[in-house]
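What follows is a single structure, written as structure tokens, with notes after it.
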């Protein structure tokens, strides 16, 4: 079944143009005014009646339009690149901890449980607490770009302090501060990109943004190899990231402006979203905070009514759980497994950077190609790709065992299966996040994305905590530690990928219904649905509390 919403009638104040793949929305408060909703940043806003037929352009006008269009395409691409660089740097500290795990443990005199705390809930809990209010404030004030620039400046400063830390508590405080700044990075960036380009190109634009994850791995591998060869400290890399992040923050403030919000792909949300944005088109005043609280409930009410959202977010969280422990523990595990392979981390980074970037861009491109036929492409790519990839991940982990202890043969198996694992698994990030953005109303888009990323952060941050507790009595330099890490990675990654795949396939029909029959503002939530929210929320929060308290007890 094709999920393309039917075009609303002209009586609703909306006009569709298939030729330009754009939606023109008429302001209900001013029927003579219209705004381009699908390409808000690639074309100027025109004020003309929807019943007026514009005169055909002259040759000079056409030449000027082409120049103007080219300039705006380049300008939009520059904005996406800046958002990409900011996200890449925000991810980079994770790679530094991963690649330099042994150095971090020794230089800060950390236990395995303390390392797990730094790579798990130290940032995850802060992220979860602040991501939602930051995102909602950004929606309310329509100042996403400015808030993102401020957050980038703050987390960059905290990363710089990490490079200056010499004790566990100093590192912990710096990472908590970094978590505050990074809490809104992903939701704000995804929300901005979803309004910078048209829906056909949103999935590819989001995929370009998420290339930062894989470029970070590639750069980290090369830096780790160079630093190891020269004896340079991991703290130098942290300081460099902090300083560079401050520069990027200033550029975001200067270059990225708040774009107009394009209409949702869900029929019936356009009028609601536009009314909210028109009402907010004013300076935030103190008395507005009363209305802010009331509208927060409205936004939460909408997200809770979405049939597919919660199954999607829980499935993606388990997918991220597998990916999180992969990123934090796989490089050091492979380095310990293949000690004679001096270029292993460098080759590892190259494979992740090249194959991962190709895969995520391919996922965005495939979704863009097939989005007129079905909007479920991201779900199938994520679900089926992840389940297939889990097989290759297992072959990676046991590659040396398959080669009967021969490192030369084992590393060939490792590189081949690693390429296959990334090729099948990493098509999902940009495409799936673009799909989620398309389900949300314009006025609450960042808020919904923050809920999405917060629930995931609470779940996937448990991975390092679980591994840290499992390895707390094991010497990090021992062979037993390497073997235990192998088993933990095999179990957590495989279970995470398969739970995610099954959950996403179950969510597919619900996504269809959300696109075709929107009813976010109709009626009250049923007791059954409310009970489900309370139960799932209690389980997640209970898991977080138990793991966090236990990790602190063992740290003492």
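Placement of Cβ uses the backbone N, Cα and C atoms for every residue, glycine included.
Copied from TrEMBL, the annotated features are:
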{"type": "REGION", "residues": "1-34", "note": "region 'Disordered'"}
{"type": "COMPBIAS", "residues": "12-23", "note": "compositional bias 'Basic and acidic residues'"}
{"type": "COMPBIAS", "residues": "24-34", "note": "compositional bias 'Polar residues'"}
{"type": "TRANSMEM", "residues": "66-89", "note": "transmembrane segment"}
{"type": "DOMAIN", "residues": "79-512", "note": "domain 'Major facilitator superfamily (MFS) profile'"}
{"type": "TRANSMEM", "residues": "121-138", "note": "transmembrane segment"}
{"type": "TRANSMEM", "residues": "145-164", "note": "transmembrane segment"}
{"type": "TRANSMEM", "residues": "209-230", "note": "transmembrane segment"}
{"type": "TRANSMEM", "residues": "236-256", "note": "transmembrane segment"}
{"type": "TRANSMEM", "residues": "309-330", "note": "transmembrane segment"}
{"type": "TRANSMEM", "residues": "350-371", "note": "transmembrane segment"}
{"type": "TRANSMEM", "residues": "378-398", "note": "transmembrane segment"}
{"type": "TRANSMEM", "residues": "413-440", "note": "transmembrane segment"}
{"type": "TRANSMEM", "residues": "447-467", "note": "transmembrane segment"}
{"type": "TRANSMEM", "residues": "487-511", "note": "transmembrane segment"}
{"type": "TRANSMEM", "residues": "531-554", "note": "transmembrane segment"}
Taking residues 6+ outside the transmembrane segment (145-164), which of them lie with a CB under 8 Å of any CB in it? 83, 86, 89-90, 93, 134, 137-138, 170-171, 174-175, 177-178, 180-185, 188-189, 192, 235-246, 248-250, 252-253, 256-258
Distal contacts, the transmembrane segment (309-330) - CB-CB under 8 A, six or more residues away: 94-95, 97-98, 101, 119, 217, 303, 382-383, 386, 390, 393, 396, 428, 432, 436, 439, 448, 451-452, 455-456, 458-464, 467, 485, 488-489, 492-497, 499-504, 506-507, 510-511, 514, 533, 536
Grab the same-chain neighbours of the transmembrane segment (236-256) for me: Cβ-Cβ under 8 Å, and only residues 6 or more beyond its ends, written as numbers and ranges. 78-79, 82-83, 85-86, 89-90, 92-93, 96, 100, 145-146, 148-150, 152-153, 155-164, 192, 223, 227
Based on Cβ pairs under 8 Å, which of the stretches 209-230, 413-440, 447-467, 531-554 lies most in contact with the transmembrane segment (487-511)? 447-467
Could you pull out which residues elsewhere in the chain have a CB under 8 Å from any CB of the transmembrane segment (378-398), counting only those six or more residues past its ends? 203, 315-316, 319, 322, 326, 330, 333-334, 363, 366-367, 413-414, 417-418, 420-422, 424-428, 431-432, 434-435, 486, 489-490, 493-494, 497-498, 500-502, 504-505, 507-508, 511
With an 8 Å cut-off on Cβ pairs and a sequence gap of 6 or more, do the transmembrane segment (209-230) and the transmembrane segment (447-467) reach 3 or more such pairs? no
